[in-house]
Structure formats: structure tokens, C-alpha cells
């Protein structure tokens with residue numbers, strides 16, 4: 001099967017320099033959703049027709065299994081498909097999709113393709129309470145589809161029809177090429193309508209079949225920021241519904257955003273206003289506190305993420321406790337039962353089991369052993385203005401509060417660093433290392449007294 005995706009529209013109502021099909025829905029471009037669905041149908045050829053912002057669209061797709069055709073002038077959907085004809089295989093049917101209709105399910109498209117087979121024309125239609133703006137499906141007395149009439153070209157009788165065209169169709173490729181060559185633009189829009197091939201098929205006696213989506217939202221397109229926002233909410237509601245059906249506890253299903261792929265184990269609990277981006281995995285029994293932002297991360301079984309944490313490209317070990325207000329940056333790997341507390345930032349570091357940094361610390365470019373305690377205010381000074389260096393803290397070390405470790409430096413096994421230490425040389429294992437000014441008490445010292453000004 002050939003698949004052609006139309007993605008050349010100007011998108012004037014979006015009021016944006018970004019091509020319409022590149023606007024994000026659930027964290028990825030509208031067109032990316034359509035291409036993902038198209039790939040699931042295993043097409044032999046996949047062609048995207050581009051126009052406005054075509055170079056940016058090509059750059060976004062950047063995949064060897066997708067080829068492109070260009071529609072320099074926006075002269076209608078029929079004209080757009082014409083631009084792709086020389087890339088299509090005549091021996092298999094062609095399915096036409098739209099880059100701004102992102103949520104059509106593969107199951108629905110398979111039903112349409114199955115109904116049409118190799119020799120029939122198939123149209124995806126839907127019944128709408130308010131069909132305003134859509135092309136109407138015209139059937140004869142026997143129920144056969146005879147034509148599709150666009151809103152601006154419809155008479156009063158046709159405007160009363162509630163079955164509408166979604167624009168998605170499949171038909172034999174050789175016939176499609178013949179019909180497109182006969183299209184005319186003598187209509188209110190002055191465009192070449194792809195839907196006119198329906199009338200051509202009917203006049204030749206070719207059977208026209210139809211299929212219907214399970215839900216209206218599968219056929220909704222995006223022409224404005226308002227419609228994009230509405231479709232985002234619909235999509236997020238559907239994703240939340242699936243999580244609930246899979247056994248995830250959502251404290252408020254209307255207050256979660258998934259902008260990628262979220263995989264959850266058993267007995268996962270997610271509080272309000274959490275955002276998941278990229279590929280996120282939550283193990284069994286994980287609890288996510290309110291207002292967390294988690295991107296491309298794995299949270300292992302039994303871990304708890306307290307409110308207002310930001311986690312990106314990190315791994316959180318089983319039974320660990322993170323936050324509140326903690327930040328795990330790319331390259332962070334935490335083993336089991338690690339505690340990262342409030343206002344602690346960890347970057348490109350590995351922290352072994354049972355270690356803790358509970359308050360106000362920065363751990364960057366570090367390797368931390370097991371059972372290490374990192375005191376409040378501790379900083380690994382990893383950057384000299386030109387290069388970054390690593391800090392190594394071995395098992396059972398105790399780092400006192402307000403300590404600076406100037407990398408590259410090593411803290412030996414079981415070593416203790418006194419509070420306020422600035423460590424510039426390795427600290428030997430099992431020893432107390434302190435680097436700070438000696439405390440002095442000045443006997444008889446008095447605070448200065450403010451002098452009185454003369455009147």
C-alpha cells in the first residue's frame with residue numbers, strides 16, 4: 001500500500017511562522033503523530049507532500065523511509081496528491097492522510113483499507129451533530145455514496161446532511177491517477193478537490209465503501225491555536241483514561257500531561273499537575289508527587305518522588321526518595337535507597353546505595369559510594385572555567401555541612417570532612433580532614449557604638 005500524507009497547508013489561522021504540521025501535540029509535531037500511525041500500517045511507499053515551510057518539515061522528519069513531494073501553490077487537496085503520483089506504485093492501493101489530523105487510530109484505518117480491498121474506493125466518514133464546514137456525503141436511494149459536496153458548494157438539502165467527509169480515503173492507484181487528471185477547479189474555492197474522485201468513481205460504477213471511526217476525535221483536524229488546544233485536552237484525557245484502565249491511580253485525571261511515552265508498573269500513584277516528557281518508565285509502587293516534571297527517565301520500584309521535582313535523563317533506584325524541590329539532571333544514576341532532598345541538584349553523577357544528600361547541595365560530575373552522607377551546603381566544584389573534573393567519594397564517607405570539594409579530588413573510604421572544609425587535596429580514608437580558619441575568641445572586645453552627631 002502507498003500512503004500519501006498532505007502537509008503543505010499554509011495554516012494562516014495559526015498566526016505563526018511555524019508550519020502548521022510542526023506545531024506540537026502532546027510534545028511532538030502533528031505530522032509526527034500521523035507518520036507514526038502510517039508506519040504502523042507497513043506501507044511500501046510513504047510520501048509526504050510539503051509546501052509552506054517545506055525545508056523545516058523535511059528536517060523534522062529526517063527519515064529514510066519517507067520521501068517528499070512539493071506543492072508550490074496551494075491549489076487544493078486533489079492538486080496536492082497529484083504532486084506525489086510519480087512516486088506511487090500502481091499495483092497497490094493508495095491511502096491519503098492529512099498532516100493536521102493527528103489522532104486517527106491505526107485500527108480505524110485498517111478497517112477502511114480492509115473494506116475497500118484492492119479494487120474499491122473507500123471513504124472514512126463520520127456523523128456530526130454540527131457538520132458546519134465539512135463536505136457532505138451524498139448517497140442515493142440505495143445508500144450508495146455518489147459524491148461529496150463541499151460546504152461552500154452545497155445546496156440547502158445537502159447542507160442538512162450530517163454525515164461528513166473526513167478527507168481520508170483509499171483507492172486503486174491506477175484509477176486515482178486517471179481521475180486526478182480529469183479534475184476541474186470550477187467551484188467556489190477555485191481549487192482541485194480530491195473529493196471529486198468520488199463522483200468519478202460512482203460514474204464508472206466502481207463500488208464505494210465507507211468506514212467510520214469509533215470516536216469523533218479521531219477525525220478532528222487543526223486549523224487554529226484554539227483547535228490545537230482543544231485537541232490537546234482531548235488527547236490528554238484519552239491518555240489518562242488508558243492509564244486508569246491499566247491500574248494507575250491518578251489523583252485528578254484532568255491534571256496530567258503526557259508528552260511522550262509513559263510506561264507504568266503496578267500500583268503507581270501520580271498526583272496532580274505532573275508532566276511526563278519523552279520516554280518515562282515508572283516501576284511498581286512508584287509514587288509521584290504533585291507538580292513533578294520528568295523527562296526521559298526511569299524511576300524504579302518503590303521510589304517516591306516528592307512534589308516539585310525536576311528529573312531529566314536520569315535513573316532513580318528502587319526505594320529511593322527524591323525531593324521535594326530536587327533536580328536530577330542528565331547523566332544522574334542513583335542506586336537503591338538513595339535520598340536526595342530539598343534544593344539538591346545532581347548532574348552527571350553516580351550515587352551508590354543508601355547514600356544521602358538531604359539539603360541544599362550540588363553534586364556534579366561525581367562518583368559517590370555507598371552509605372555516604374553529604375551535608376547541607378556541600379558543593380562539588382567541578383568546573384575551572386574551561387574544563388570539568390570529577391570528584392570521587394568512596395564508601396562510608398561523611399561530608400560535613402558547607403564543604404567545597406575542588407575537583408579533581410578523592411575522599412577515601414570512611415573519611416570525614418569537617419564542616420566548612422574546602423578540600424583541594426585528596427582526603428585519606430578513615431581520617432578526619434578539616435580545612436578552615438582556626439576559631440579565635442577576643443577577650444574584652446566590644447561592638448562599636450554609633451557616634452552621636454553634634455546638634
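A Cβ is built for glycine as well, from the same backbone N, Cα and C atoms used for every other residue.
For reference, Swiss-Prot has these:
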- 359: active site, proton acceptor (ACT_SITE)
- 6-9, 20, 71, 76-77, 98-100, 135, 150, 165, 223, 329, 347, 362, 373: UDP-N-acetyl-alpha-D-glucosamine binding site (BINDING)
- 100, 223: Mg(2+) binding site (BINDING)
- 376, 382, 383, 401, 419, 436: acetyl-CoA binding site (BINDING)
- 1-225: region 'Pyrophosphorylase' (REGION)
- 247-455: region 'N-acetyltransferase' (REGION)
Just to be sure I understand the packing, how many Cβ atoms besides its own are within 10 Å of the Cβ of residue 376 (acetyl-CoA binding site)?
19
Average the per-residue pLDDT over the region 'N-acetyltransferase' (247-455) and send me the rounded value.
97
Fewest neighbouring Cβ atoms within 10 Å: which of the binding-site residues 6, 419?
419
Which residue, out of the binding-site residues 100, 150, shows the minimum number of other Cβ atoms inside 10 Å of its Cβ in this structure?
150
Distance [Cα-Cα, Å, rounded] between residue 76 (UDP-N-acetyl-alpha-D-glucosamine binding site) and residue 100 (Mg(2+) binding site):
15
Counting across all protein chains shown, how many other Cβ atoms sit within 10 Å of the Cβ of residue 9 (UDP-N-acetyl-alpha-D-glucosamine binding site)?
25
Local backbone state of residue 382 (acetyl-CoA binding site), from DSSP in three classes
coil
By Cα-Cα distance, the member of recorded positions 99, 150, 359, 376 nearest residue 223 (Mg(2+) binding site)
99
To the nearest whole angstrom, what is the C-alpha distance linking residue 401 (acetyl-CoA binding site) and residue 373 (UDP-N-acetyl-alpha-D-glucosamine binding site)?
10
Looking only at DSSP and grouping its letters into three states, which state does residue 359 (active site, proton acceptor) belong to?
strand
Between residue 150 (UDP-N-acetyl-alpha-D-glucosamine binding site) and residue 359 (active site, proton acceptor), the C-alpha gap once rounded to whole angstrom:
64
In this structure, the one of the binding-site residues 382, 401 whose CB has the fewest other CB atoms within 10 Å is 401
Residue 9 (UDP-N-acetyl-alpha-D-glucosamine binding site) and residue 436 (acetyl-CoA binding site), distance between Cα atoms, whole Å:
67
State, in Å as a whole number, the widest CA to CA span among the acetyl-CoA-binding residues 376, 382, 383, 401, 419, 436 given in the record.
22
